[in-house]
Amino acid sequence: MFHPLLQFLCLLGNGMAPTSKVRVQLFVCCLVLFVLAQGYILRRLSVEPKALTTSSSHDDVIPHLRGGLAAVTSPVSELNDEAIENQARDATARPSEGPWHVGVPSISQAATSSPLLNEHDQVETTPTTPTSSQTSSPTSRNPTAAVGAFVPHPDVGVDDVQRSRMLAIRSAMQHAWSGYETHAFGADEVGPVSGDRKQDVWGGLGVTLVDALDTLYIMGMARARDWVEMELDFTHLGKDGDNISVFEITIRELGGLLSAYDLSGDDAFRARAVELGDLLLPAFANGIFYTQFNVFKQTKTMNGWTGYRGLLADLGTLQLELRRLSDVTGNPIYAERGDAFYDIVQREGSYEHTGLFPVHFEVESGTFSMTNSLITIGALGDSFYEYLLKVWLYSGQRQSDAFLRDLYNDAVQGIETSLLRYSKPDDAYYLQEVTIPGFSGQPKQDHLLCFVPGMLALGTLTDTDPARVVKHLDMAKKLMKTCYNLYSRQPTGLAPDIVMFPGFAVADSRYRLRPETVESLMYLYRVTKDPMYQDWGWQIFKAIEKHAKTSFGYGAVLNVDSAAASHVEDKMESFFLAETLKYHYLLQSAPSFVPLDKFVFNTEAHPFRTLASCYPVDWVDLTGITGLTVNSKAQRRAVELSMQFPNRLKIPLVLVLVALFVGLQIYIVSRLDISPTADPSFDAFSRPRRWKPSPSPIVVTEKSAAANFAPRQKFIPLPHEGVDETQIARQDAIRRAMQHAWSGYETRAFGADEVAPVSGERRQNVWGGIGVTLVDSLDTLYIMGMHDEFQRARDWVANELEFSHLGRDGDTISVFEVIIRELGGLLSAYDLSQDNLFKAKAVELADLLLPAYEDQVFYTKLNVFTKRKSMNHWTHYRAFLADVGTLQLEMRYLSDITGNSEYAEKGDAFYDVIQREGSYEHTGLFPVHFEPDSGTFSRSDTFVTIGALGDSFYEYLLKVWLYSGKRADDLFLRQLYDDAVAGMEKHLYVHSVPDDAYFLQELRIPQMEGTPQQDHLLCFVPGMLALGSVGETNATKAAVHLDMATKLMHTCVSYYTRQPTGLAPDLMHFPGFDVLSSIYKLRPETVESLMYMYRVTHDPIYREWGWAMFEAIEQHAKTTFGYGAVRNVHNLTDAFVEDKMESFFLAETLKY
């Protein structure tokens, strides 16, 4: 039964269509498997089939921006912050006007619209009705184009400023395309100043059109497909006696066709690519492709101006395109001929073992020129080095291509040793040229070389050597700064083509619309997430708009060093549309849009799907398994691309496929959002939970059979990695604040629970006299690199921390506060430093707290000496939801590092209560009061809130599940969390229309009456929702949760921005943001959520908001001995600092 499936998969891997017989057999096979699998799933889960939903596959490959990308009418040079904000608001408010009107389609439209329209931009009145270009047989779509690839929507993680920038860049593409389409459609180029049709620049192949196809597609301006199918013609090539540039045609035309095919799956592009690839094959001889080729005469030669020598960049920048062509056709000849040059490279070796190669190649002898040549990573050599890395990445990093990564690493080492130079007067690093023989350096750098920072950044993503990653990324950043300075130092804001050092002296004053700098900015941003690179790119784009824009497009700018005399040349290279504008657009978009782990960009910025994204499993090395003898790379590739399965492989592969299929079904079962009660045989409520160690590495020694975490290296903080100068300055300021707060504590109250920040008074016993501020701050000191302070605190823990006095004075301790501050602080210090001292103290403290456990909960108050426990009398001796539901994370971790299950079992016992009792009226929410005697939740004189008294219970549902490794035993926690969020949205989530603010009300029960107030503690919720969206497999749910997070985050920030002090009151009432409690208690919840929101969305606005809060704290809360709570935050003249600094200010607020 599986033979047709195997045959189909082999065809799939080679981009070929199955026969009708195979398709019928495959359909029957898959139908049987599907019915069996789904029957099994439904039987196990007792779920109605209608509960399962599907989403359109088109959402994966058709990008869109929310609300559509409308044309930007304002000149970009005039786009101030207000204009950008207004423009973004207009764009998101404007309804979409059809799937392929000016804007990009919405999700629903994208799912039913043709990915590519004809040149007249025609739109079907009914989107679900396919056009002629859509309707094709199953054989017209390449299977590999749809396997494993995912192109997310570009507005995920994009703020309004970035969205406005993308709109402006798209408008520039519309302007450039309009000039070409109107005046030179189908020609190679248009004159951007004159509007002249330049038919034959590269052979009369519509190079601008083909080169721009994927940019149009990515920006949602899909046009020109019909011209490619109906008008693109290669038969005239060479009949006029002219040669074509094999290099340029390969990277622009062939690359453009392959990329359009990879993005759209439209076989018209693949067919044209094959036709062109076949025409270029005769240019191959002697292991290389000749640079100049007459297709009609079949004659080939090298450029006369090179002395008829080959150029390194020309010969070494065809392999990516030719490999892709082989992989989508199943014909290995393209890849074999392209890769032949790599055999020469390995045979010849680099120049004097530098890892670098001369730019000239002697065709007759098949060797590199050793005289009258040079070594450079710029013009003539550049893309050879780029392709060493990119071909390796494209191949899926398979072992047979590891030599490419080795060549790349050797080359970068050679760049650092032989070419990287520092111009001290300019404080600039650059890469010189070296003439050979003699190895004499020339202190020049051309713009082409500015691709290097991006190449280095890209290379770090898959490098397994941490030291090399740090070194390469450091080089990338230094060279990036130099390349940006090529622009910023000129009065036009545009870069000259060549400069000399020192002084950035202009040697060629033309800006040729080149893409290399913005290309590198895109890679640096995606690798570091530093928004500075986006801002640099935006400045460059605005300069292009100001100086290069013409009536019919954009032209090269002469004399960039003289704004008054700048002149635009009547020349618009196709790479401006193919590369420069595409990279500008991707720079401002989300890193997950056309992601680097799924696509590799050729040197003309054409994205190809990597083999790792096309094939969900690694390539199989068939040598030695099939019985075939593989004597060469060509034979090896032929075996890899073979359509036939050897008989000896059929049964093993059947077993592999069966295993994969069963594994997939198990995975589906584990990921479905199904309540455990769906299976009637599941009796979780009737039996106690048994703790199992978290799925972590274990060590079993001869002396102990206890399961412990395997020894790990201690955490070494590198807080400045991937951070720009502004962020470093901010981090340093926050670190100084920590030093100030710690200094006041250390000098005035070291070892006490707190220091009074105004008076400097030592407050020995606030939480039991156990040095709570010190222990609570340990991990903050460690993370901030305050090594001396951490060591002194560590010594105090070792020599002075004592628990034996607890309870002897008759006082009780708060079990909740001691666990989250003291026990949590010790466990975290152990986790970061791996110092067993902290672990020992944590065990000692936890053992003292265990007697607080009874009736499946930990009682709130405990006298450690007498072992008496109780609840707070002011709650009528009821427990709080937050108190009894916020111990499980610490207790589980303690069990995991000790192998003693008792801690986790007693902490988790409350989860058994939760499942047994269920939420209030099936809302997913729980009353804040719990009756320990009856083991039930209070049903009267209580309320539901996600704020004070309830807050961290809901937080720990998510975090305990994440901590556990999302194992199946703990899936009920994720279900409880999801139910709770649904309950929040339905019952607590309220929009205050006068304030345009969303908040979470309190709900009195049993009346179910809402109280429109929200406390500061509740501001942890946006961060919790953002954290919960990470890894969420239900895209709709993730989007809803992140939308709620964003809206609630705005409200929490408004707490601060609406007050004259810039600090938040503790409790607000709606509408009107009326202040009910005017004290700012140094709370962390808002900045905690800002941290999560930034890390999930990468939107720098959250950092800016956090910085404004920190500055307000510095201005109003700073005292002689630390920082104090601020009273009357809504009144500048009456605001004053309270003599109270909670330990959480050092443990949470400053850390976040």
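A Cβ is built for glycine as well, from the same backbone N, Cα and C atoms used for every other residue.
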(request) Can you sort out which of Cys450, Cys614 is the disulfide partner TrEMBL gives for Cys483? (result) Cys450
(message) Just to confirm: which same-chain residues, 6+ apart in sequence, have a Cβ under 8 Å from the Cβ of Cys483 (disulfide bond)?
(response) His447, Cys450, Pro453, Ala495, Glu516, Thr517, Ser520
(request) Name, in the order they occur in the sequence, the residues of the same chain whose CB lies under 8 A from the CB of Thr603 (Ca(2+) binding site) and which sit 6 or more residues away. (result) Ile251, Thr317, Leu320, Asp382, Ser383, Glu386, Tyr387
(message) Applying a 10 Å Cβ distance cut-off over all chains shown, what neighbour count does Cys450 (disulfide bond) have?
(response) 28
